[in-house]
């Protein structure tokens, strides 16, 4: 069969699953007075359409910031405005100021779901398909299998089409950035990534690898000649794209400051709800939020994040390689997720998408991680009534991964990309071995545990004394997994680079 | 098609395909369901709360039990599971009862019974010629058949969105076909007899079964010229067949005959009170006939050939009412359709008798029977086209001629199912699934017959491409035009007439290929 038709089938399957998930419930459906993210997005359409730009981020009589105030960067606001214009054409009451608050109806749901699909279709899906087409040293079949796996990744589908958000836009822009960088289009890549940051500030998780990789490239070209020129070009294009995005807010300094205050709500505390990061898990043992002052919390989380980021960023700057760049995206985003301040459970998607990008290189570990990442959002998904979609999409993804990569046969040292690491370790500890079978059984234990926890949270009522027992258990289990993955990805990032240097020597 | 890129060879791909499609079915649970949902809920209630003797008399709901007894027993068994989900759905008086648990139970019951269909598809995969299977698993005939059957677009939307239990019924049919291929004739006959007592629409293909079993099973030998050797008739085999059929029938209808209820059961099963065409015209000969009548009436009115007073009002709103009165052409009676059907079936049955080509010839005859009755039958539902498409999938991977017929028939037939789902949220689903199936069937069959040139000629290509603008016009452009209020039935009429042309064409083409085609496969086998 021809390549294009297989790719089309992969894309169509992804789209079908997306749309069927979107028939289900969304966050805050029929739950006044606050509703959920669905209402937030609708409210932003209402605000951006009816109010002048200057009032979008300010608390005014027409814009109560306590009720889903706009707290994403300008591109999100523009997107909302665009959707609002379409909504106005279909039914003006959907975005009428004040009166539309909490509006819910079948046609409106259909409209909102369609906006997500359109955004996805325009930005994320083409990026995934092109990325897989341009993969190097891979057979056609592997490329298509990779595309199918990425498109079926349940976490993103469930959050965007179930819970309701537009993550595929910011992640899609970031993916375009990676795609451009891998084709050596550095300037275009930077623009795409700037768009991503300006759509969602959480994309900053990815900013360090982008920065380090490009900086490293400049260094490589020589800091005086071509490298300096590239650096200046990159710097100016970033400044220009930021300026364009923020143009309506550039008139006053106070505007910019207010937007920034909305984007980084430092006073909201170390974490919210149940997040599978280190703080939430630790607070089971020590009540960090009460023991430490918020200043100390902030400093502590900053220091830990910085320290965990440091090794792979330094490596990437010194030896920029495309492969290292992808792994650095994973480990940096994971460090941010685990240690930084004010993390949402949905931010795990920022780690997952880079993991998707390396699924063809380390299928076993990637599949494992992607399953855990979806599992870590279970409490949220249960709240939204997405249990069935969660189970079905996860199983579908798992089936596809098994069938296309036969992951259980990919647990050897070589397949896990740990060869250089273990051989260098063996110099000091001669008896050291990585155990393929051990990995396999660890994986099986882990998915059984996740399955049992899913079943328990879905069917059992928690004991009265511990109402948060299951969400906390889910977070703690996922967090432990994530710590293990952080270690693993850091090891790969650091030793992979050494590997490439060795290869050069031998050449 | 999820997960079909198995790097590992062997049979590993089949479970992946089956699991993939089952997961998709689970995702379709919250979609729209038609009145058939209430029909089956009502039958659950009837069979659960009434004694057997009253099943065919109960008429609280307008959706009375009109399937044969085995299906009623099937509902009876289901109802004993249903009571663990929600007892209220088993009360006859709860008309139009529906809640989340009822929906979940009914949907799951369809998905679970589809296991039989999956098994049948698995057996069918074994029957195809494996000689062609090359290096690429994606292009091997068993794989293609598995996808064409398991991921069949029509079956997915009719069973898992619209709501019906065709999956396991087709499973029985395919399984009986597979048994005939495997030379386990008695088993095949038994399965088909059982199937007939589940849903009597399969009577349409009974001639093919009857003649095939008589000719190729009861007569054990042929003359050298291929004609029947009358002396070789095996009375034992004939008696065994007869015994099986009568035992199954006795089991199903026996109690009702004993109670003297047979006339009532039969009147429920064959309601000739309904009109020639369903509310939405199935794309068959009568759709073209009706359209022609209408066109003639309009032309006649315009050029004053006809007097407006003589024309009844109903004809002008045709498509909305069930009873369609013809104005220019003669009206059609049930008897006329019966004769037309019989006449159109006969040649294929003769062919099966005089030119037996083994199970493949039987399969061709079966497809022709179902297509002919679809073309000329009384009150045909558009869903009945699946009765032709599914068996034809088995033939499509063997010869390029059959493949091209399959492509035309499945594409037009599936498109003609679109009006079944008219709600906005399902619009993307049906388009995506249709594209998925069409892209796959075209590219996979093209890959199998790569060496034999293009599968479709220019006319067929133009016709099939024409379906795209037709669909865009009907679903997207038309609702915004001023005609929407004046002629709300126009999209349905256009769709059914346009698709009828394609289905008639493939029917003729299949007939021609059966009569002119040399028994190429048979020679290959020898």
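Quick reminder: no glycine exception, Cβ is built from N, Cα and C everywhere.
Feature annotation from TrEMBL assigns transmembrane segment to B:12-33 (among others).
Taken from TrEMBL, the feature transmembrane segment applies to B:140-158 (among others). Long-range Cβ contacts of the transmembrane segment (B:140-158) within its own chain (Cβ-Cβ under 8 Å, at least 6 residues beyond either end) map to 1, 4, 13-14, 17-18, 21, 24-25, 28, 117-118, 121-122, 124-126, 128-130, 132-134, 164, 166-167, 170, 174, 383, 385-386, 389-390, 393-394, 396-398, 410, 413-414, 417, 420-421, 429-430, 433-434, 436-438, 440-441, 444-445, 448.
TrEMBL lists B:188-214 (among others) with the feature transmembrane segment.
When Cβ-Cβ distances below 8 Å are used as the criterion, the transmembrane segment (B:235-259) is approached by residues 52-53, 56, 68-70, 185-186, 189-190, 193-194, 197, 213-214, 217-218, 220, 265 of the same chain, each at least six residues removed from its ends. The annotation transmembrane segment is assigned in TrEMBL to B:235-259 (among others).
The annotation transmembrane segment is assigned in TrEMBL to B:335-354 (among others). Sequence-distant contacts of the transmembrane segment (B:335-354) (same chain, six or more residues past either end, CB-CB distance under 8 Å): 207-208, 211-212, 215, 227-228, 276, 285-286, 361-362, 364-365, 368-369, 372-373, 375-378, 511, 514-515.
As annotated by TrEMBL, transmembrane segment applies to B:361-380 (among others).
Here the transmembrane segment (B:431-449) has long-range neighbours at 1, 132, 138-139, 141, 144, 147-148, 151-153, 156-157, 396-397, 400, 403, 406-407, 410-411, 414-415, 418, 455, meaning same-chain residues at least 6 beyond its ends whose C-beta is under 8 angstroms from one of its own. Feature annotation from TrEMBL assigns transmembrane segment to B:431-449 (among others).
Outside the transmembrane segment (B:461-480) by six or more residues, the chain places 407-408, 411-412, 415, 418, 427, 490-491, 494-495, 498-499, 501-502, 505 with a CB less than 8 A from a CB of the stretch. The transmembrane segment annotation in TrEMBL covers B:461-480 (among others).
If one looks beyond the transmembrane segment (B:487-508) by at least 6 residues along the same chain, the residues whose Cβ comes under 8 Å of a Cβ in the stretch are 280-285, 287-288, 291, 317-320, 368, 371-372, 374-375, 382, 385, 405, 408-409, 411-413, 415-416, 418-419, 460, 463-464, 466-467, 470-471, 473-475, 478. Per TrEMBL, transmembrane segment is recorded for B:487-508 (among others).
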(message) Using Cβ atoms and a strict cutoff of less than 8 Å, what residues sit near the transmembrane segment (B:361-380) while being 6 or more residues removed from its termini?
(response) 177, 180, 204-205, 207-209, 211-212, 216, 272, 274-278, 282, 284-286, 334, 337-338, 340-341, 344-345, 348-349, 351-352, 355, 387-388, 391-392, 394-395, 409, 503-504, 506-507, 510-511, 514, 519
